[in-house]
Amino acid sequence: MSGSSLPGALALSLLLVSGSLLPGPGAAQNAGFVKSPMSETKLTGDAFELYCDVVGSPTPEIQWWYAEVNRAESFRQLWDGARKRRVTVNTAYGSNGVSVLRITRLTLEDSGTYECRASNDPKRNDLRQNPSITWIRAQATISVLQKPRIVTSEEVIIRESLLPVTLQCNLTSSSHTLMYSYWTRNGVELTATRKNASNMEYRINKPRAEDSGEYHCVYHFVSAPKANATIEVKAAPDITGHKRSENKNEGQDAMMYCKSVGYPHPEWIWRKKENGVFEEISNSSGRFFITNKENYTELSIVNLQITEDPGEYECNATNSIGSASVSTVLRVRSHLAPLWPFLGILAEIIILVVIIVVYEKRKRPDEVPDDDEPAGPMKTNSTNNHKDKNLRQRNTN
């Protein structure tokens, strides 16, 4: 073997050796965590979720275990539906394994250590095996504190009177030091409401439907999770932002929409006027598509038909307080609609030409002179005529 071929042969042998060391598509791979659960502090009545994501070949099995506070060695397995159905376990297996543990309506007894276990060892469920060897573990500590007591005013229903409304919250008991408090509406902090006060008020001077929603008074503490209370401000739907008319050509697609303010979020219904009565759209033709998103609805009609689709459409919003409806007129034009202006101009030109031709034909016989008649009146000597009038007649006798 020549010296020049030695480096190439050596490189090839090294590549083969290294390739044999890498796990192939079907090679076994021990379980490992990609995402492990994180410790949290919660208040009574709240909920928490813990995530566990593992990889391995074959895909590892995932289990959830729990140990009470100060009893870290006394683990018990958690099952879906445990603790009066407050525990939910959702697990999915594919190229990796993912599991979510969720516990709602927390109590003080839910505090403790929660453990995600994963293993793809064939003997992992053999009781003669040591679980600490066949299973890998990731732990999270959940601390549940007593929620502070917050007294709130009653829910409000906005009427047409427009009388001022005052929302009130009072933090009556808390074992933690208050940092600050503020108001939110639908999850958004209201400006100029942040202060360090346990007794909070928010005033709506001229309440309207757009002022309705979920109001929260939120309290932040030095060494505890924030606490909040909810006051619902309700109002009947008020539809805004709709189109009064829509003009489309035959074969095109049409989209009509309605927006509303008011709380709770309404249920939407689309209707079309048939024989003077609004009837709910049945979509028997399969060309109607309705999309509803809380305070927004959309009606789409594809491949418009000039004989079926024109007319008056109505969107209706209804919630527990009241309802509202608005209508939109849909006009569908023929395919020839873009040519109508040109055809109109062409028709005017043709009519004008016909009028001119007819006029010329009627005018020409009157203007041709007759050969038997003199071309003009006879000329006379007007001067001589006047002189003859002044001459006296002489009697020759």
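Just so it is clear, glycine is given a Cβ too, placed from its N, Cα and C backbone atoms.
In Swiss-Prot, the entry for N-linked glycosylation site among ASN295, ASN381 corresponds to ASN295. Looking at 32-44, 84-96, 149-161, 279-291, the range annotated in Swiss-Prot as region 'Narpin' turns out to be 149-161. Looking up CYS315 in Swiss-Prot gives a disulphide bond to a cysteine among CYS217, CYS258, identified as CYS258.
Here CYS116 is paired by Swiss-Prot through a disulfide bond, and of CYS52, CYS169 its partner is CYS52. Highest Cβ count within 10 Å among the glycosylation sites ASN170, ASN196, ASN283, ASN295: ASN295.
Annotated pair ASN228 (N-linked glycosylation site) and ASN295 (N-linked glycosylation site), C-alpha to C-alpha distance, rounded: 25 Å. With the fewest other C-beta atoms within 10 Å around its C-beta, ASN228 stands out among the glycosylation sites ASN228, ASN316. Reported as a whole number, the C-alpha separation between ASN283 (N-linked glycosylation site) and ASN170 (N-linked glycosylation site) equals 52 Å. The helix, strand and coil residue counts that DSSP assigns across the domain 'Ig-like 2' (148-234) are 3 helix, 49 strand, 35 coil.
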